[in-house]
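J.: Just dropping this structure here.
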Amino acid sequence: MGLTISSLFSRLFGKKQMRILMVGLDAAGKTTILYKLKLGEIVTTIPTIGFNVETVEYKNICFTVWDVGGQDKIRPLWRHYFQNTQGLIFVVDSNDRERIQEGAAVLQKMLLEDELQDAVLLLFANKQDLPNAMAISEMTDKLGLQSLRNRTWYVQATCATQGTGLYEGLDWLSNELSKR
C-alpha cells in the first residue's frame, strides 16, 4: 500500500527523467534549439565538435538532451550516445535542398541501429521561416518517413531562432514517452 501511494505521489508531483539524443547534419540548428529550450534565448553558436548536454525541464518532465555535432567526420561517434536513448530528435534544415538526401541516408542508417529500436522519433523541420523552406509533406517524402515500420514518429515545423514549434514538438515527445 505504501508503495502504491508513493508511486502515485511521484507520478503526480515527481519529475520523470527522459534521455533524448538530438542529431542531424551540421548547420541544421541543433545547438540553437537546445539553448532556446534551455535558456529561452538565442545564443551565438559555433559548429559543435563533440557534444553539448543540458537538462531541459518542461511539463513535469526532465529531458536530458544530448546535442551531438553533425559534421560527417563526427557522425560515426553518434553510436556512443545511443544506449538508453528513449527519444531521438533529428533536426533537418528545411531550406537545405541540396543535402536532404544526405540527411535521409544518415537518418535511415541510424534507425537501423539495435540500440535505437525502441526510441521514438521527433523530426524538427527547422528554418521554416526561410522563403525556400520545404513543406512538411515534401520533407516527409524526401526523408522516406512513410516507409518506417514499427517506429513512432512525428514531424514538427520549427524555427529555432523564433522558438516556433519547439514546445509543440516537446509536447508530442512527452506524450509519447509517458505512454511507455
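Cβ atoms are placed via backbone N, Cα and C, with glycine included.
From Swiss-Prot, here are the annotated features:
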type	residues	note
LIPID	GLY2	N-myristoyl glycine
BINDING	24-31, 67-71, 126-129	GTP binding site
MOD_RES	SER147	phosphoserine
J.: Mind checking which of ALA27, VAL68 has the fewest other CB atoms within 10 A of its CB? They're the binding-site residues.
T.: ALA27
J.: Taking every protein chain shown into account, which of the recorded positions GLN71, GLN128, SER147 has the largest tally of Cβ atoms within 10 Å of its Cβ?
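T.: The residue with the most neighbouring Cβ atoms within 10 Å is GLN128.
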J.: Using DSSP and three states only, what is VAL68 (GTP binding site)?
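T.: VAL68 (GTP binding site) sits in a strand per DSSP.
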J.: Consider the binding-site residues GLY24, LYS30, VAL68, GLN71 and say which one has the Cα lying nearest the Cα of SER147 (phosphoserine).
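T.: Comparing Cα positions, the candidate nearest SER147 (phosphoserine) turns out to be GLY24.
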J.: Measure the Cβ-based neighbour count of GLY24 (GTP binding site), defined as the other Cβ atoms within 10 Å of its Cβ.
T.: 23
J.: Are there any residues at least 6 positions away along the chain from LYS30 (GTP binding site) with a Cβ closer than 8 Å to its Cβ? List them or say none.
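T.: In sequence order, MET22, VAL23, GLY24, THR48, ASP67, VAL68, GLY70, VAL91 meet the Cβ cut-off.
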